[in-house]
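What TrEMBL says about this one:
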| type | residues | note |
| --- | --- | --- |
| DISULFID | Cys151-Cys184 | disulfide bond |
| DISULFID | Cys152-Cys172 | disulfide bond |
| TRANSMEM | 12-32 | transmembrane segment |
| TRANSMEM | 52-72 | transmembrane segment |
| TRANSMEM | 84-109 | transmembrane segment |
| TRANSMEM | 209-234 | transmembrane segment |
Amino acid sequence: MSAVSGFIKYSMFIFNFIFWICGCVILGVSIYARVSKHGEELINEETSGVDIFAAVNLLIAVGTIIMVLGFLGCCGAMKESRCMLLLFFISLLLIAILQIVAGILGIVYKSKIEESFKKNFQEQVEILDQDGTEYETFKNDLDAFQKKFKCCGLINGAADWGKNFDKYSASCECTNITNTNDVCVSYMGKQVYKETCGDYIINFLKKNLVVVAGVAFGVAVIEMLGLVFSMVLYCQIGKK
């Protein structure tokens, strides 16, 4: 084996071993959070009762895929198996293509996604002014959200609460605010937060879009390295 082939082989192994460990960690933590009583308590505590098990299930799937790919890459490199390397290359290429498609769709439909959020918020606003025990969970969740993130209502601010405003006004009221004119507005004789929770959520997503794009770019670079290493090693083994 030439020095170049040896370097590519062990680089490929190290790269995929780290990849495999990351997959194992993601999978292990996700399964623990999904099935353990303590993990469920932590999720409920951190999200103020909001159900995020769908996100945990997604992480389980992602961790499994990463672990399998890492295993294929490691075994393919050390055993010099062209079949495993080719399977690793095709799988990683498909994932990279899906990421690119998702990125393009995200850019193209960015405005439509924002409109979809606002439409959903508008439907939820109708719940705030209604009575009934079936709506209490949502109202209490929004009440906790308002208090934690210093916002009020979903679309029209405090007015969204309608006749229920007095019951949930405490979480809307400005407390320990120096410049009340900048972040507060008067409503029914009380100083409440000017920013709506709907705007807060949308602005939060926009602010973190750069971070998401940076992470996606970093992952894409790692995937490209994996594709290059696997194909070069595949070709080197074929020449023997």
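Just so it is clear, glycine is given a Cβ too, placed from its N, Cα and C backbone atoms.
Because the structure is a prediction, the values reported are computed rather than measured.
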Original post:
Cys152 (disulfide bond) has how many other Cβ neighbours within 10 Å of its own Cβ?
Top reply: 29
Original post:
In the same chain, who gets a Cβ under 8 Å from the transmembrane segment (209-234) while lying at least 6 residues past its ends?
Top reply: 5, 8-9, 11-12, 15-16, 19, 73, 76-77, 80, 82, 85-86, 88-89, 92-93, 95-96, 99, 103
Subject >> Nearest-integer angstrom distance between the alpha carbons (Cα) of Cys172 (disulfide bond) and Cys151 (disulfide bond) >> reply: 6
Subject >> Neighbour tally for Cys184 (disulfide bond), based on other Cβ positions within 10 Å of its Cβ >> reply: 21
**OP:** Run through the Cβ atoms and count how many others sit within 10 Å of the one on Cys172 (disulfide bond).
**Re:** 25
**OP:** Can you grab the distance from Cys152 (disulfide bond) over to Cys184 (disulfide bond)? Cα atoms, rounded to a whole Å.
**Re:** 10
